[in-house]
Amino acid sequence: MRNHTMVTEFILLGIPETEGLETALLFLFSLFYFCTLLGNVLILTAIISSTRLHTPMYFFLGNLSIFDLGFSSTTVPKMLLCLSGNSRAISYAGCVSQLFFYHFLGCTECFLYTVMACDRFVAICFPLRYMVIMNHKVCFMLATGTWMSGCVHATILTSLTFQLPYCGSDKVGYYFCDIPAVLPLACKDTSLAQRVGFTNVGLLALICFFLILVSYTCIGISVSKIHSAGGRQRAFSTCSAHLTAIVCAYGPVIVNYLQPNPSALLGAIIQILNNLVTPMLNPLIYSLRNKDVKSALRNVFPKKKVSSN
């Protein structure tokens with residue numbers, strides 16, 4: 001270690017195997033990012049402006065929109081700067097921040113989808129007691145718990161990663177600072193950080209996925225007991241958007257982990273789907289078939305037009 005200079009910044013090498021495609025990717029990802037920002041801001045505007053949407057389900061949907069805005073903004077702006085030909089350097093503190101917020105928001109996503117599944121479970125299995133069980137205090141505590149748990153999880157992983165000395169290569173073979181890309185650059189044994197990171201991330205995802213599965217199994221049993229076809233259709237329609245969002249979030253990750261030796265390109269594609277495409281799709285998933293959200297948005301913009309005249 002005495003023969004090496006301590007690393008003060010890292011160089012992001014970008015998306016693997018995409019040389020020569022920078023201009024096309026810049027245009028495509030810029031469009032995706034703009035749609036992500038616009039869609040989630042519109043969802044938040046609809047929820048805040050309409051009293052009809054001041055319910056537990058839309059409260060958690062608002063939290064999801066805040067998450068989507070933050071999660072995509074953690075990695076995408078720097079990626080766009082690199083694709084546009086700007087410096088690929090990221091400061092040591094910037095790398096630490098990027099890794100922290102990536103895992104903070106990623107953990108929050110797992111907990112938030114789980115809480116939303118539990119909310120749908122209570123709404124369908126205990127409809128008469130729904131507003132009593134999911135009162136304002138409970139919703140606030142659940143939302144606060146998801147964000148705080150994500151912060152604790154990210155603090156542990158970030159501390160383990162950056163307590164190691166970095167005094168050799170500064171080239172991160174990826175488009176953002178993530179644990180698998182940064183740890184190989186450390187000048188010390190990384191086995192503890194690797195084991196804790198893999199266990200934490202894997203165990204957290206499995207527990208959340210199991211709880212979601214249990215919630216929707218109970219929901220399916222309750223829906224099967226509804227005699228009218230219209231009642232079953234209404235119950236299913238309240239869950240279809242959430243189920244679609246879960247498939248978009250967990251599907252790519254499951255496909256990636258099922259590969260015995262996933263390529264670097266496949267891993268990058270999976271990350272881009274999670275970081276950019278899923279946050280862009282969530283507003284569409286929750287609004288296309290949701291009459292309340294569409295009605296709230298229609299009520300917002302005419303008022304703005306009238307007030308500007």
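Every residue number used here counts from 1 along the chain in the order it is shown.
Here the Cβ of each residue, glycine as well, is placed from N, Cα and C on the backbone.
Annotation comment: TrEMBL describes 39-286 as domain 'G-protein coupled receptors family 1 profile'.
TrEMBL lists 24-48 (among others) with the feature transmembrane segment. Remote same-chain residues near the transmembrane segment (24-48) are listed as 15, 18, 54, 58-59, 61-62, 65-66, 68-69, 72, 76-77, 79-80, 83-84, 272, 276-277, 279-280, 282-284, 286-287, 293, 296-297, 300 (criterion: CB distance under 8 Å, separation of at least six residues from the stretch ends).
Residues annotated as transmembrane segment in TrEMBL: 60-80 (among others). Proximity of distant same-chain residues to the transmembrane segment (60-80), defined by a Cβ-Cβ separation under 8 Å and at least 6 residues beyond the stretch ends, is recorded for 12, 14-15, 26, 29-30, 33, 36-37, 40-41, 43-44, 47-48, 90, 98, 101-102, 105-106, 108-109, 112, 115-116, 119, 139, 142-143, 146, 175-176, 245, 275-276, 278-280, 282-283, 286.
Taken from TrEMBL, the feature transmembrane segment applies to 100-126 (among others).
The list of residues near the transmembrane segment (138-162) in space but at least 6 beyond its ends in sequence, with Cβ under 8 angstroms from a Cβ of it, reads 56, 59-60, 63, 96, 99-108, 111-112, 115, 179, 182-183, 192-193, 196-197, 200-201, 204. The transmembrane segment feature in TrEMBL is assigned to 138-162 (among others).
Residues or ranges marked as transmembrane segment by TrEMBL: 201-223 (among others). Away from its own ends, the transmembrane segment (201-223) comes close to residues 103, 106-107, 110-111, 113-114, 117-118, 120-121, 124-125, 153, 157, 232, 235-236, 239, 243, 246, 250, 253 of its chain (Cβ-Cβ under 8 Å, at least six residues beyond either end).
According to TrEMBL, the feature transmembrane segment maps to 235-258 (among others).
As annotated by TrEMBL, transmembrane segment applies to 264-288 (among others).
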- [ ] Give, as a single whole number between 0 and 100, the mean pLDDT over the domain 'G-protein coupled receptors family 1 profile' (39-286).
- [x] 84
